[in-house]
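Enquirer: Sharing a structure with you now.
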Amino acid sequence: MKHLIIILATFVTLTGCSSTNEINKSEPNNQELLISVATSLTEVLQEIVELYEMENPHTTITLNIGSSGTLARQIQQGAPADIFLSADEPSMDLLDDQGLLVSDTRIDFTKNQLILIGDQDSSIEVNSLEELMEYDIDQIAIGNPDSVPAGSYTKSALENSGIWNHSRLQNKLIYAKDVRQVLTYVTSGNAEIGFVYYTDVLLSDQVKQLLSINEDLHEPITYPGSVIATSEQREIANDFLLFLKQEKATQLFKKYGFTSLKVD
């Protein structure tokens with residue numbers, strides 16, 4: 001397998017070696033897919049793509065990885081993409097409202113949880129977000145709410161907890177370009193605590209979970225996907241989307257800490 005990684009955008013190219021898919025039996029020529037993927041999906045999508053390419057050797061997939069808001073703006077501005085996999089519904093809705101999606105291909109394929117983290121030596125113990133105000137915290141890392149879904153979910157949770165506008169909170173916020181940068185801020189000591197997804201917590205042994213955020217405080221963290229209207233590979237792109245809901249893919253989502261949705 002050959003991987004090409006660039007941040008942002010990040011491109012990962014993977015190639016496979018065997019086939020079980022009827023589409024490729026009738027289309028022997030190589031087909032290329034470019035998928036714009038939310039950062040939090042990076043590791044699981046790399047593994048799913050490898051599995052898909054093994055079953056479809058005439059298909060080569062490249063991943064363009066970044067925050068959902070940034071990727072949506074790229075597509076709005078005409079950047080090439082066959083599929084968009086977002087970490088939130090609003091970024092997908094934005095493109096759908098502008099006619100930039102093949103709407104009947106849109107699916108929800110997995111879910112996640114919002115988690116408050118600190119480093120392994122953190123002494124913070126809270127049962128609610130309101131209790132954060134009892135601590136003298138230096139810096140709090142969150143994704144930029146304007147472009148990072150994890151940041152938007154965090155802002156909603158803090159607003160609904162009644163502390164978003166508190167000066168003791170606002171003066172300590174550090175905005176990150178994506179959820180992985182939040183993780184880096186905490187592991188590097190540049191932030192004392194941060195808000196990430198449960199799947200991010202599993203990626204690092206340098207952080208610990210301080211609080212699982214009540215899901216009633218924010219919109220459900222659901223991941224939608226859709227074929228892009230300008231794609232010239234709509235059939236194979238839709239086939240990949242449907243692959244995300246097959247049992248072999250849902251098991252990989254579970255492996256990485258996602259909550260897989262029920263297969264239609």
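Keep in mind that glycine also has a Cβ here, set from the backbone N, Cα and C atoms.
Look at TrEMBL and you will find Ser40, Ser68, Ala150, Val179, Tyr197 tagged as molybdate binding site.
I'm curious about the neighbourhood of these features; can you describe it?
Expert: Reduced to three states, the DSSP call for Val179 (molybdate binding site) is helix. A simple way to gauge crowding: the CB of Val179 (molybdate binding site) has 30 other CB atoms within 10 angstroms, across all the protein chains here.
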Enquirer: Give the sequence-ordered set of same-chain residues, not counting Ser40, Ser68, Ala150, Val179, Tyr197, with Cβ within 8 Å of the centre of the Cβ atoms defining the molybdate site.
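Expert: The surrounding set, listed in chain order, is Ala38, Thr39, Ser67, Ala87, Asn112, Gly143, Val148, Pro149, Asp178, Val196, Asp200.
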Enquirer: When you measure from the Cβ of Ser68 (molybdate binding site), how many other Cβ atoms are you left with inside 10 Å?
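Expert: Result for Ser68 (molybdate binding site): 33 neighbouring Cβ atoms inside 10 Å.
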Enquirer: Please give me the CB contact count at 10 A for Tyr197 (molybdate binding site), counting all chains in the structure.
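Expert: Tyr197 (molybdate binding site) is surrounded by 28 other Cβ atoms within 10 Å.
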Enquirer: Are there any residues at least 6 positions away along the chain from Ala150 (molybdate binding site) with a Cβ closer than 8 Å to its Cβ? List them or say none.
Expert: Ser40, Ala87, Leu114, Ile142, Gly143, Val179, Val182, Phe195, Val196, Tyr197
